[in-house]
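Trainee: Have a look at the structure that comes next, please.
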């Protein structure tokens, strides 16, 4: 392999430093070559995709994803596809694009969207995914009519599926991955309303020994309302960043309202603050979508999910459970959950007792949260 070597002065460098310099150079080049090699296996013809989307017609436009617009397409075989067209103003360069292709191509989980291929041509960058006619959870859960389709069984299946998908990304895949943009519009729904996590343009990889560590970035990317406070304000992120976003999503699914929603009589309270206020005052029924109460009542399963959601949105990342703990909580029939502390971005009256782990709980709250848990400490 022909390589243009850099001209450097090595007189003052130790032989060991020279060795590590060239080791890093060749290793980096190998990684990039391997990414491109993997990506070529999935490369599709641009004209094929252009025709499939009717030349990216506005009628085929499905919405906006991370870094670009998404279109519906139909291949000659009749297969329906979703095409993510990278915006030239998005800020996602070739490295990020190749990263998404090479990464997603290797991910195999029933709760992750499957990548079918990609395309490079000139300045065009396209990602081709499997298509879901139900589109995203956002189209259902925040629509007063379509939300009625989502009974509690479906909502619980969505919550559990997203939890398993994130656990796979954090701990079980070949790579260890932080999604960084977990939200309702990035959860697609198949014909049976099973959830599929989508949009991997903002993911970050980390080593196994970094799973409990915090990393930093000067380029904060994501969606406000779902961002953890430490990430939004300081660029600090970890697996607990995704956990926070998951908690927001869980509470949205249960209430059927966006995170920026506030009740008319309490316009200063957004969703997290409203849920916390109701929880503290023992008015848990007010947290739940009325359509669920009418058809199912306030079940232990619903109470458990509210409790888990509040544990996830705690201000301190160290207080939030891991996705492994969350999956265990969701699967357990008998579990005693730790008492959640005040959520991040709380806009109501601060109750100092909510920050005290030894404080005696309000008996009204305790009576609502008598789902028993044996594993108190998150892994």
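We number each residue from 1, going along the chain as drawn.
The backbone N, Cα and C atoms fix where each Cβ goes, and this holds for glycine too.
Below are the features listed in Swiss-Prot for this protein:
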DOMAIN    56-336  domain 'Protein kinase'
BINDING   62, 63, 64, 65, 66, 67, 68, 69, 70, 84  ATP binding site
MOD_RES   129  phosphotyrosine
ACT_SITE  181  active site, proton acceptor
MOD_RES   185  phosphoserine
MOD_RES   223  phosphothreonine
MOD_RES   231  phosphotyrosine
Trainee: Measuring Cα to Cα, how far is residue 64 (ATP binding site) from the residue listed as 'phosphothreonine' in Å?
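Mentor: If we compare the Cα positions of residue 64 (ATP binding site) and the residue listed as 'phosphothreonine', the gap is 13 Å.
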Trainee: Based on Cα distances to residue 231 (phosphotyrosine), point out the closest of the recorded positions 62, 68, 70, 181.
Mentor: 181
Trainee: Return only the integer: C-alpha distance in Å from residue 129 (phosphotyrosine) to residue 70 (ATP binding site).
Mentor: 10
Trainee: I'd like to confirm something. Which of the recorded positions, 181, 185, 223, has a Cα closest to the Cα of residue 70 (ATP binding site)?
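Mentor: So, of the listed recorded positions, the one sitting closest to residue 70 (ATP binding site) is 185.
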Trainee: Considering the recorded positions 64, 181, which residue's Cβ sits among the greatest number of other Cβ atoms within 10 Å?
Mentor: 181
Trainee: A 10 Å Cβ contact count, applied to the modified residues 129, 231: which residue has the minimum?
Mentor: 129
Trainee: What recorded positions in the list 62, 68, 223 lie within 10 angstroms of the residue listed as 'active site, proton acceptor', counting C-alpha atoms?
Mentor: 223
Trainee: If you draw a 10 Å sphere around the Cβ of residue 223 (phosphothreonine), how many other Cβ atoms fall inside it, taking every protein chain shown into account?
Mentor: 19
Trainee: These are the binding-site residues: 62, 70. Which one scores highest on other Cβ atoms within 10 Å?
Mentor: 70
Trainee: Other than its own, how many Cβ atoms are within 10 Å of the Cβ belonging to residue 68 (ATP binding site)?
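Mentor: Excluding its own Cβ, residue 68 (ATP binding site) sees 20 Cβ atoms within 10 Å.
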Trainee: Over the domain 'Protein kinase' (56-336), work out the mean pLDDT and round it to an integer.
Mentor: 89
Trainee: If you measure residue 62 (ATP binding site) to residue 185 (phosphoserine) at Cα, how many Å is it?
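Mentor: Residue 62 (ATP binding site) to residue 185 (phosphoserine), Cα-Cα distance: 11 Å.
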Trainee: Reported as an integer number of Å, what is the Cα distance between residue 68 (ATP binding site) and the residue listed as 'phosphoserine'?
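Mentor: The Cα atom of residue 68 (ATP binding site) is 14 Å away from the Cα atom of the residue listed as 'phosphoserine'.
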